[in-house]
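Features as listed in Swiss-Prot:
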- 1-21: topological domain 'Extracellular' (TOPO_DOM)
- 22-42: transmembrane segment (TRANSMEM)
- 43-58: topological domain 'Cytoplasmic' (TOPO_DOM)
- 59-79: transmembrane segment (TRANSMEM)
- 80-83: topological domain 'Extracellular' (TOPO_DOM)
- 84-104: transmembrane segment (TRANSMEM)
- 105-110: topological domain 'Cytoplasmic' (TOPO_DOM)
- 111-131: transmembrane segment (TRANSMEM)
- 132-144: topological domain 'Extracellular' (TOPO_DOM)
- 145-165: transmembrane segment (TRANSMEM)
- 166-175: topological domain 'Cytoplasmic' (TOPO_DOM)
- 176-196: transmembrane segment (TRANSMEM)
- 197-323: topological domain 'Extracellular' (TOPO_DOM)
- SER237: phosphoserine (MOD_RES)
- 275-300: region 'Disordered' (REGION)
- 324-344: transmembrane segment (TRANSMEM)
- 345-398: topological domain 'Cytoplasmic' (TOPO_DOM)
- 399-419: transmembrane segment (TRANSMEM)
- 420-437: topological domain 'Extracellular' (TOPO_DOM)
- 438-458: transmembrane segment (TRANSMEM)
- 459-469: topological domain 'Cytoplasmic' (TOPO_DOM)
- 470-490: transmembrane segment (TRANSMEM)
- 491-514: topological domain 'Extracellular' (TOPO_DOM)
- 515-535: transmembrane segment (TRANSMEM)
- 536-547: topological domain 'Cytoplasmic' (TOPO_DOM)
Amino acid sequence: MVKKHQNSKMGNTNHFGHLKSFVGGNVVALGAGTPYLFSFYAPQLLSKCHIPVSASSKLSFSLTIGSSLMGILAGIVVDRSPKLSCLIGSMCVFIAYLILNLCYKHEWSSTFLISLSLVLIGYGSVSGFYASVKCANTNFPQHRGTAGAFPVSLYGLSGMVFSYLCSKLFGENIEHVFIFLMVACGCMILVGYFSLDIFSNAEGDDASIKEWELQKSRETDDNIVPLYENSNDYIGSPVRSSSPATYETYALSDNFQETSEFFALEDRQLSNRPLLSPSSPHTKYDFEDENTSKNTVGENSAQKSMRLHVFQSLKSSTFIGYYIVLGILQGVGLMYIYSVGFMVQAQVSTPPLNQLPINAEKIQSLQVTLLSLLSFCGRLSSGPISDFLVKKFKAQRLWNIVIASLLVFLASNKISHDFSSIEDPSLRASKSFKNISVCSAIFGYSFGVLFGTFPSIVADRFGTNGYSTLWGVLTTGGVFSVSVFTDILGRDFKANTGDDDGNCKKGVLCYSYTFMVTKYCAAFNLLFVLGIIGYTYYRRRATANSL
């Protein structure tokens, strides 16, 4: 009776811990999404600090450096301790907005200080965001898609939430905006230091998987062949160690117990450790020293195992394939997010639309809202959809990436639609800006689906041990791709710009070539992902038939 009561008490405590970690992770994610707020305060900041607008592209690239390139460092810290990562992230964001506030208040014309602040904002934000996603994916292994969708979607929604609050509360007072962001975002990310936890039973689900994966990675480039898209469900041989005092373990989750029984892969543990001799003169201190030594060795072994697992994963063809897929779609999405304002301006400057009383700032603000809102919807809906695909149809989460690639293809084709044949300027303007708005919605939703699904794909494929490090490396692909796509767009605008006032006045011709390139890239991505799905399906069938 006492044991049953203790188990019940432990279960309630465990549920509370999961809930606290989940809620805290969502608060952290909401506070960490302010890199997308740059366009809200950038014009006033540059004007106040007497920095030319031409430097804005370099400043926005500083955000990308902090959130993507330095994301590798953030991932390593998260894998060590999500709490520590949130503490570091909170300090970085606090210091960054403090520096921006001082630059704005004292009119310091220092591109270096502002760039440094933006790097800190990018790094601090992903430090908190990666920690929240890691805890969601690890603590809820049977519902990774749904659990991970909440912090991912709130991160995408954060920009719209804070831009609305700042505009309502402070209006044009950017100095107060920086103070508000410094306190609010810093404190929200700091919540993770007190709430985020990785529960041992969830990590334990992946422990034997990691050992099997490391053993298998020496035999084949594909480290691991999952039975379904869930990192706890694997077909494989038990890990055999050269040490006589080790366990042989199979890792199969409860919800696929029937499958494990069908293949005669029942969970079991075998130990050949020698029994203590009755005459052995051991005291309780001997056992304590022995346990302490074993714990130390176990921790060192776990760290070494994680590093080896990450290294083997980085070399795998699957990881390289994921890097290409994510890099292309991430680059297209970020290019559109950073550049949609220029597309609106090109339409406004094109005759005869330049004769109409069009509020370009309002249309640009609408695009930001659509991108943020639809990105939130995509991130939130993609998780449950991918879970449904896995559990109901035993399909792969990569089908969501097929949908995202298809949406990017359609939006890239639609944005280049030319309405110059319409003679009525008002009708032409209405059609043109409606077309851009629809494309913003499509691009936003596809971007949300991409980042709402890919964290679960990575966790399913490579496990949660070393997950944040791998995710940090994966997101670096966007740094290079967005640089390429924005360079193509810049050349496209330059080729169609006259010498009079520096504005492109040729409508969709200002950017049509760029989106022809993105259309072909999306088509390649679509076929490439279908190839990965087909190859993975073939490997599973071959593995199942060989048992």
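Heads up, the Cβ atoms here are built off N, Cα and C, so glycines get one too.
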Same-chain residues at least 6 beyond the ends of the transmembrane segment (438-458) with a Cβ under 8 Å from one of its Cβ atoms are 133, 137, 144-145, 148-149, 152-153, 156, 229, 322, 326, 329-330, 332-333, 336-337, 340, 367, 370-383, 386, 397-398, 400-401, 403-405, 407-408, 410-411, 414-415, 467, 470-471, 474
What average pLDDT is reported by the model for the topological domain 'Cytoplasmic' (459-469)?
81
Using a Cβ cut-off of under 8 Å, list the residues of the same chain at least 6 residues beyond the transmembrane segment (22-42) that approach it.
56, 59-60, 63, 66-67, 86, 89, 93, 100, 118, 121-122, 124-129, 131-133, 135-136, 139-140, 147, 150-152, 154-159, 161-163, 166-167, 174, 177-178, 181, 184-189, 191-192, 194-196, 337, 341, 368, 372
Thinking of Cβ pairs under 8 Å, which stretch from 84-104, 324-344, 399-419, 515-535 has the most of them with the transmembrane segment (470-490)?
324-344
In the same chain, which residue numbers or ranges, 6 or more beyond the ends of the topological domain 'Extracellular' (420-437), come under 8 angstroms Cβ to Cβ?
340, 343-344, 347, 352-353, 355-356, 358, 363, 366-367, 370, 414, 507
Taking residues 6+ outside the transmembrane segment (145-165), which of them lie with a CB under 8 Å of any CB in it?
22, 25-26, 28-37, 40, 129, 132-133, 136-137, 139, 180-181, 184-185, 368-369, 372-373, 375-387, 390, 397, 447-448, 451-453, 455-456, 459
Secondary structure of the topological domain 'Cytoplasmic' (345-398) by DSSP, residue by residue, totals 43 helix, 0 strand, 11 coil
Range from 84-104, 176-196, 324-344, 399-419 with the greatest count of C-beta pairs under 8 A to the transmembrane segment (515-535):
399-419
Under 8 Å Cβ-Cβ from the topological domain 'Extracellular' (80-83), and at least six residues away from its ends along the same chain, one finds 131-132, 134-135, 192-194, 196-198
Cβ under 8 Å to the topological domain 'Cytoplasmic' (105-110), counting only same-chain residues 6 or more beyond its ends: which ones?
48-51, 175
